[in-house]
Amino acid sequence: MSGTILENLSGRKLSILVSSLLLCQVACFLIGGLYAPVPAGHQIVMGIKCRDVAGRQNDTSFFLYSRGNGACDSVQDIDIEQDPLKMANQLVYVFQMPLPRDNRTLDYSRWQQNLIGVLQMDIAYDSSSELREPPKELQLTIDTRLAYRNKNDEDADWKPYAHSIEKRFLDCRAAHVGLQEILYTCDIIPLFELGALHHSFYLLNLRFPMDTPKRLNLQFGHMHDIILTAIHQNGGFTQVWLLLKSVLFPFIIGIMVWFWRRVHILQRSPALLEYMLLYLGGALSFLNLPLEYLTLSFEMPYMLLLSDVRQGIFYAMLLSFWLVFAGEHMLIQDSPNKSTIRSRYWKHLSAVVVGCISLFVFDICERGMQLRNPFYSIWTTPLGAKVAMSFIVLAGVSAGIYFLFLCYMVWKVFKDIGDKRTSLPSMSQARRLHYEGLIYRFKFLMLATLLCAGLTVAGFIMGQMAEGHWKWNEDIEIQLTSAFLTGVYGMWNIYIFALLILYAPSHKQWPTMRHSDETTQSNENIVASAASEEIEFSNLPSDSNPSEISSLTSFTRKVAFD
């Protein structure tokens with residue numbers, strides 16, 4: 001058997017390959033750090049109070065807007081204060097997005113991909129009211145209506161996008177105590193999430209119906225101010241991200257085809273590690289596929305869910321591969337038989353599968369429902385928020401435990417190698433140099449694997465926390481920089497690209513020789529090669545199991561010869 005390219009590649013060629021890949025890794029970090037803006041931006045929109053039109057409250061195709069021809073007349077705070085009922089059932093809170101800047105009308109770009117809206121409310125109670133302290137987890141009923149229009153539409157040509165009667169729970173605390181009223185500020189609450197930002201302008205109308213028989217909105221005094229924070233992906237970051245995908249996608253596809261052709265040339269069935277490498281490359285290619293270009297022409301509200309599914313498949317495959325990769329290099333194995341997923345790794349991989357399925361179910365409950373109702377959120381109820389928070393914490397803890405377990409497996413591999421290195425002095429010089437070179441290369445690759453795993457787990461945990469930052473009420477400042485995101489994404493591609501090259505079968509063939517002659521010839525080859533620092537590790541004849549792809553995995557089955 002000729003072994004893998006990792007074993008047969010000369011030291012000089014290997015150094016050139018590793019240096020080139022490291023330069024590509026640095027380039028990925030620099031692209032994100034120097035050319036890409038921050039991944040997400042936001043606008044803070046103050047709700048404009050408009051007087052509702054009598055008889056149109058139940059007309060879901062009717063919208064009030066605050067800018068342009070035919071804009072509504074805003075209601076002043078003093079008018080609300082002087083009204084005995086605080087203009088209950090007469091007010092509409094209007095949010096028109098995006099806001100103008102420097103007297104220029106801005107519009108959303110399809111490069112911005114998605115839009116998330118969260119609310120922060122200030123409510124007030126009269127000082128003379130018997131109910132001065134709002135109850136814990138105050139329930140609020142909101143009539144939410146979302147509309148859109150495009151650049152060439154008239155100012156009044158708003159088209160309905162979504163409508164829903166939503167319930168939200170407020171957690172408020174006193175902010176100001178005055179003679180007339182007590183002002184309470186409430187924690188942010190999620191309102192809507194759009195998986196596609198296909199239109200130029202969006203309009204949000206909020207009504208807070210008060211109904212005594214149905215006991216709607218009777219426990220809070222009156223709305224004082226409402227602030228909407230509209231969060232969107234930055235278009236410049238999307239362009240850099242898609243550029244990376246467009247460049248990396250054909251490279252990974254090409255190296256996969258090259259790898260599988262070399263495997264099929266061999267007179268044996270592919271080994272487990274070769275299958276896993278192919279599946280890993282396929283999952284990465286699915287992630288690299290720049291489907292986001294379609295959103296520039298078509299409205300695809302399911303793109304967020306599809307992106308989560310693609311990333312989930314890649315995570316599941318990557319985590320599974322690392323367990324198999326470390327396990328296949330365990331030099332002391334329980335069984336000499338050929339490894340299979342079912343025989344050796346079902347316990348390890350079942351935990352990964354269960355974790356990924358749990359996150360998938362959670363994602364379906366959130367973003368799957370948002371395909372029908374963008375105002376739906378699992379975070380809206382106290383129980384749902386606790387369940388969602390538990391999922392995020394559990395996912396983060398599981399990722400940390402996985403990384404520790406992977407470190408343990410790598411340590412065990414290194415320990416096995418250390419135990420077997422004691423037999424190297426009894427080997428011939430050729431065999432000893434052969435295995436010392438393999439061990440050095442393998443250790444370097446395993447350390448690179450640990451580094452990749454550590455950054456992946458860190459990125460996963462930070463991503464989960466950053467996504468939930470606007471949905472739970474903790475003062476956590478997390479900003480995933482563009483350099484970190486592009487760097488980790490490039491690292492995945494470079495790491496898998498390197499594995500497909502280094503673990504591809506080597507087709508160098510060496511003449512068969514008698515056992516007595518082969519030792520002498522091997523020693524001469526090693527000494528001559530060492531002098532020029534161009535050691536070729538395939539010069540050693542091998543009688544290993546043809547189902548093994550690496551000489552290192554059959555180290556314990558070798559018999560030293562002189």
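FYI, residue positions are counted from 1 along the chain as it appears here.
Just so it is clear, glycine is given a Cβ too, placed from its N, Cα and C backbone atoms.
Under the heading compositional bias 'Polar residues', Swiss-Prot lists 539-556.
Taken from Swiss-Prot, the feature N-linked glycosylation site covers ASN58 (among others), and the record attributes it to sequence analysis. Within the same chain, no residue at least 6 positions away from ASN58 (N-linked glycosylation site) has a Cβ under 8 Å from its Cβ. DSSP assigns ASN58 (N-linked glycosylation site) to coil, not to a helix or a strand.
DSSP assigns ASN103 (N-linked glycosylation site) to coil in the three-state reduction, outside any helix or strand. All chains included, 5 other C-beta atoms sit within 10 angstroms of the C-beta of ASN103 (N-linked glycosylation site). Sequence annotations record features per position, and here Swiss-Prot assigns N-linked glycosylation site to ASN103 (among others).
As annotated by Swiss-Prot, region 'Disordered' applies to 538-562.
As annotated by Swiss-Prot, topological domain 'Cytoplasmic' applies to 1-13 (among others), with the evidence given as similarity to another entry. On the 0 to 100 pLDDT scale, the topological domain 'Cytoplasmic' (1-13) averages 76 in the predicted structure.
The topological domain 'Lumenal' annotation in Swiss-Prot covers 35-239 (among others).
Annotation comment: Swiss-Prot describes 261-270 (among others) as topological domain 'Cytoplasmic', evidence class similarity to another entry.
Listed by sequence, the residues of this chain that lie at least six past the ends of the topological domain 'Lumenal' (292-311) yet keep a Cβ under 8 A from its Cβ atoms are 110-111, 113-114, 193-196, 198, 238, 241-242, 245, 286, 360, 363-364, 367-368, 370-371, 374. Annotation source Swiss-Prot lists topological domain 'Lumenal' at 292-311 (among others), citing similarity to another entry.
Look at Swiss-Prot and you will find 333-344 (among others) tagged as topological domain 'Cytoplasmic'.
According to Swiss-Prot, the feature topological domain 'Lumenal' maps to 366-390 (among others). Residues 137, 144, 146, 161-162, 164, 166-169, 189-195, 301-302, 304-305, 308, 468, 471-472 of the same chain, all 6+ positions outside the topological domain 'Lumenal' (366-390), place their C-beta atoms under 8 angstroms from a C-beta of that stretch.
Swiss-Prot lists 412-441 (among others) with the feature topological domain 'Cytoplasmic'.
What Swiss-Prot lists as topological domain 'Lumenal' is 463-482 (among others), and the listing cites similarity to another entry.
Summarising the annotation, Swiss-Prot assigns topological domain 'Cytoplasmic' to 504-562 (among others).
When Cβ-Cβ distances below 8 Å are used as the criterion, the transmembrane segment (14-34) is approached by residues 240, 244, 441, 481-487, 489-491, 494, 497-498, 501 of the same chain, each at least six residues removed from its ends. Taken from Swiss-Prot, the feature transmembrane segment applies to 14-34 (among others), supported by sequence analysis.
The transmembrane segment annotation in Swiss-Prot covers 240-260 (among others) and rests on sequence analysis.
As annotated by Swiss-Prot, transmembrane segment applies to 271-291 (among others). Taking Cβ pairs closer than 8 Å, the transmembrane segment (271-291) reaches residues 242, 245-246, 248-249, 252-253, 255-256, 259-260, 263, 303, 306, 310-311, 313-314, 316-318, 320-321, 324-325, 328, 338-341, 492-493, 496, 499-500, 503, 547-549 in its own chain, all 6 or more past its ends.
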Counting only pairs 6 or more apart in sequence, are there at least 3 Cβ pairs under 8 Å between the transmembrane segment (483-503) and the transmembrane segment (345-365)?
no
Out of 240-260, 312-332, 391-411, 442-462, which stretch has the largest tally of CB pairs under 8 angstroms to the transmembrane segment (345-365)?
312-332
Please report, as numbers and ranges, the same-chain residues at least 6 past the borders of the transmembrane segment (312-332) whose CB is under 8 Å from any CB of it.
272-273, 276-277, 279-280, 282-284, 286-287, 339, 341, 344-345, 348-349, 352-353, 356, 359-360, 363, 402, 406, 409-410, 412-413, 416-417, 419-420, 442, 446, 449, 453, 456, 460, 492, 550, 552-553, 555-556
Three-state composition of the topological domain 'Lumenal' (366-390), taking helix and strand from DSSP:
17 helix, 0 strand, 8 coil
So which residues does the transmembrane segment (240-260) touch in its own chain, when a touch means Cβ under 8 Å and the partner is 6 or more beyond its ends?
28, 31-32, 35-36, 277-278, 281-282, 284-285, 288-290, 292-293, 482, 485-486, 489-490, 493, 496-497, 500-501, 504
